[in-house]
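Q: Swiss-Prot feature annotations, pasted as is:
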- 156-191: FAD binding site (BINDING)
- 49-153: domain 'FAD-binding FR-type' (DOMAIN)
- 15-38: transmembrane segment (TRANSMEM)
């Protein structure tokens with residue numbers, strides 16, 4: 001029976017007053033709900049094909065080839081609209097009229113209002129990374145999205161291992177940050193992160209702060225190719241022997257996430273075929289008995 005028919009029948013009975021009160025209550029609930037929704041932060045990015053130009057607020061060096069950039073969202077109270085873990089597409093038009101489009105993962109909190117942060121490494125011959133590095137404050141860059149890579153749910157797994165290299169740290173950092181900011185999420189996190197030198201370890205200050213604050217939940221091991229005398233981490237690549245000793249056992253309660261340059265994928269998990277095709281699992285993880293279901297490649 002529909003609500004309108006039920007209401008009509010009751011309106012002619014001795015229950016008019018209670019029903020009227022209920023109707024008032026319903027109207028009040030509707031108003032309150034609408035007010036609550038209206039008070040939610042507006043989202044700068046809602047999906048679809050619309051490109052949004054964001055103004056660069058600041059840009060500073062993290063290393064000799066990597067910058068931290070902060071862009072201004074359209075309104076000061078806007079949040080990005082992204083979830084963990086997702087990315088935005090970026091676009092600029094060359095002098096000859098060609099579109100250059102590349103994906104980038106923000107490193108800022110999904111609830112951060114007014115601005116959005118990126119860590120971008122400049123690659124030799126990289127059109128977008130070179131363009132972004134040349135941007136000056138008040139310049140704009142076009143963005144579109146979000147595009148969800150893996151939607152994190154609290155306590156999805158008992159433990160996760162994150163294997164990364166270079167700027168592949170960005171979605172892995174998203175995961176660590178999202179998990180540790182939620183006291184109800186008890187997921188155990190291990191990060192194994194490789195860089196060329198100690199100075200090339202990106203957002204190390206932020207990573208170390210999270211590990212120190214959540215020392216019973218987060219474990220981080222850094223690897224560098226070239227170490228100096230003061231280096232206290234691991235030297236060399238992330239080997240199969242290291243993974244065998246430090247990864248959780250294969251199983252549905254554990255998940256491994258991989259993100260980094262092509263040599264890392266080749267050695268650890270095998271490459272993706274495309275953004276929507278994870279490809280076969282090969283490399284160290286396959287040799288250690290993990291299956292495709294145990295591993296996600298960003």
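Placed from the backbone N, Cα and C atoms, the Cβ positions cover glycine too.
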Q: Could you check what DSSP calls residue 181 (FAD binding site) once collapsed to helix, strand or coil?
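A: In the DSSP reduction, residue 181 (FAD binding site) maps to coil.
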Q: Applying a 10 Å Cβ distance cut-off over all chains shown, what neighbour count does residue 191 (FAD binding site) have?
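A: Around the Cβ of residue 191 (FAD binding site), 23 other Cβ atoms lie within 10 Å.
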Q: Counting across all protein chains present, how many other Cβ atoms fall within 10 Å of the Cβ of residue 166 (FAD binding site)?
A: 21
Q: Which of the three DSSP states, helix, strand or coil, fits residue 161 (FAD binding site)?
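A: The three-state answer is strand.
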Q: Need one number: mean pLDDT over the domain 'FAD-binding FR-type' (49-153).
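A: Averaged over the domain 'FAD-binding FR-type' (49-153), per-residue pLDDT gives 97.
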